[in-house]
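Asks: My structure is below; once you've seen it, I'll send some questions.
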Amino acid sequence: MTAVEPRPVPQLEATRPYPARTGPKGSFLYKMVTTTDPKVLGTMYLVTAMSFFMIGGLMALLMRGELARPGLQFLSPEQFNQLFTMHGTIMLLFYATAIVFGFANIILPLQIGAPDVAFPRLNAFSYWLYAFGATMATAGFITPGGAADFGWTAYVPLTDILHSPGVGTDLWILGLAVSGLGTILGGVNMLTTVVCLRAPGMTMFRMPIFTWNIAVTSVLVLLAFPLLTAALFGLAYDRHLGGHIYDPATGGILLYQHLFWFFGHPEVYIIALPFFGIVSEIFPVFSRKPIFGYTTLVYATLGIAALSIAVWAHHMYATGAVLLPYFSFMTFLIAVPTGVKFFNWIGTMWRGQLTFESPMLWSLGFLVTFLFGGLSGVILASPPLDFHVTDSYFVVAHFHYVLFGTIVFATFAGIYFWFPKITGRMVDERLAKWHFWATFVGFHTTFLVQHWLGAEGMPRRYADYLPSDGFTTLNTISTIGAFVLGASMLPFIWNIFKSYRYGEVVTVDDPWGYGNSLEWATTCPPPRHNFYELPRIRSERPAFELHYPHMIERMRAEAHVGWGSGKHGTPQDDDALLAKK
């Protein structure tokens, strides 16, 4: 018998959408530090912002643990002050604002058919300014006097050298100035990219709603953030150079409030409008319908942006120094374009073929939660009602319903929606739905009861209360909900790790099947410069037309925006125009 050499058995290897290694060992960190690829920078924004979200969430759990029962449990009033100051700062400026630029860097160039952003190196510089500024402000916790402890609004005279002598205050001021500069430069970059780098055929009214919202947000950034920077430099000048810019004797306290809130209210829409754009991308895909009222959505976005810079002093009703009828009327008015958006989102789903994958669930959670927050906002817009609940937990509940409802729900909707495009792998739908329901139940348990706490008179920012105040039961319920909310992040973290390493590999351009915008017309993940070839752009749905060419004539015939409406000519006119270019 002759021995036969055994045939080699092929070794099983995990398939990966990326090569196992693209350079010498240890080069990953160098590439990350020196990259100008907007997709890599966007991922870095997302990871950094979500890390700060977790840190801010841990601070919230410490505060809720302290407030669960009357009496001081484990925090001193000074520590409590530091926690709510840094919690607000981190969540608004280091999580919400930053994650906007995470999504914008990854998705916006893809949606307009651009190979890169307008200023790639400035883009990288913006990220590192944000990262260093955020780290600087948070580093106050390791200084002898602790972190900033005057509330995230930093009202004067709480921030002067007499009342806040510690280094933590200076780190907070400088950290916000540095990260704010990064935000300003990011806004310049995104606006220039939208104006200058759109693909042939991509007119303004063929841009996706998300791109429109990022462009409008960038304009608001350029209006609002320089004012914050100026106000912060004024604080530093008063603290260390003996200035009297915010001297109470000359009305400096109200001057600071006007400066801060002229930044602060547009900031709310800077961190809301992009997430309106995210859900506007998701609803059509999972309703199997085009977006309802595309043009109206664009004008509603412009209306919200215009009104957002006209209502800043509704945060100052209690000062008695603002024109109540004007600011109340303008605040009521801002509900109109927001209501138009709700009408369009519901119209998009109306009689659609709905499927409830995780991005759609999170978007519906956004709708419900943001609606509640908007209704309590209408209450607060009325001065007679606002006077009774100002600086109470009613305001805390409203603020979290509006911002958590908008930002966090839409953040997770966007992450689950674009995760296949970013990584080339699908997420685990079962874990994503567990994550959604735990977050939804935990959030509403935490913050719904805080409306009643505020109506009963519990002030915000207090570290303690008396058993006789009658706040114990509702505070206990709120704390239980907060810990459910905190635990809901565990399936998310595991899902992202598991899906990135072992998730099902995406082999098609559009894993959801009904994508409309251009990011669904390139590979998952996209190449370095986004596209190997671009499809013709003849409407606001180029990817859908690419994948379903037999639907084009019907779409033209039924269009309200596009060639069928008679507003823009014919497809042949479009071809002739492209040939001239």
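Here the Cβ of each residue, glycine as well, is placed from N, Cα and C on the backbone.
The structure displayed is predicted, hence computed values, not measured ones.
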Asks: For the region 'Disordered' entry in Swiss-Prot, name the matching range from 1-20, 441-460, 461-480, 501-520.
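Replies: It is 1-20 that Swiss-Prot annotates as region 'Disordered'.
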Asks: Counting across all protein chains present, how many other Cβ atoms fall within 10 Å of the Cβ of His87 (Fe(II)-heme a binding site)?
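Replies: Total other Cβ atoms inside 10 Å, all chains included: 20.
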Asks: Which residues in the same chain, at least 6 apart in sequence, have a Cβ under 8 Å from the Cβ of His315 (Cu cation binding site)?
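Replies: Set apart from His315 (Cu cation binding site) by at least 6 residues yet with Cβ under 8 Å, we have Gln257, Trp261, Gly264, His265.
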Asks: Rounded to an integer, what is the Cα-Cα distance in Å between His87 (Fe(II)-heme a binding site) and Tyr269 (Cu cation binding site)?
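Replies: Taking the Cα atoms only, His87 (Fe(II)-heme a binding site) lies 19 Å from Tyr269 (Cu cation binding site).
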Asks: Would the transmembrane segment (259-279) and the transmembrane segment (171-191) count as touching if the test is at least 3 Cβ pairs under 8 Å, pairs 6 or more apart?
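Replies: Contact between the transmembrane segment (171-191) and the transmembrane segment (259-279): absent, because fewer than 3 Cβ pairs are under 8 Å.
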Asks: What whole-number Å value do you get for the CA-CA distance of His398 (heme a3 binding site) and His314 (Cu cation binding site)?
Replies: 14
Asks: Report the listed stretch (90-110, 320-340, 360-380) having the maximum count of Cβ pairs within less than 8 Å of the transmembrane segment (291-311).
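Replies: Selected stretch: 320-340, with the most Cβ pairs under 8 Å.
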Asks: Other than its close neighbours in sequence, what residues sit by the transmembrane segment (214-234), given a CB gap under 8 Å and a spacing of at least six beyond its ends?
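Replies: Long-range Cβ neighbours of the transmembrane segment (214-234): 100, 104, 108, 173, 176-177, 180-181, 183-184, 186-188, 190-191, 194-195, 207, 243, 245-246, 256, 259-260, 262-263, 266-267, 269-270, 273-274, 277, 301-302, 305, 308-309.
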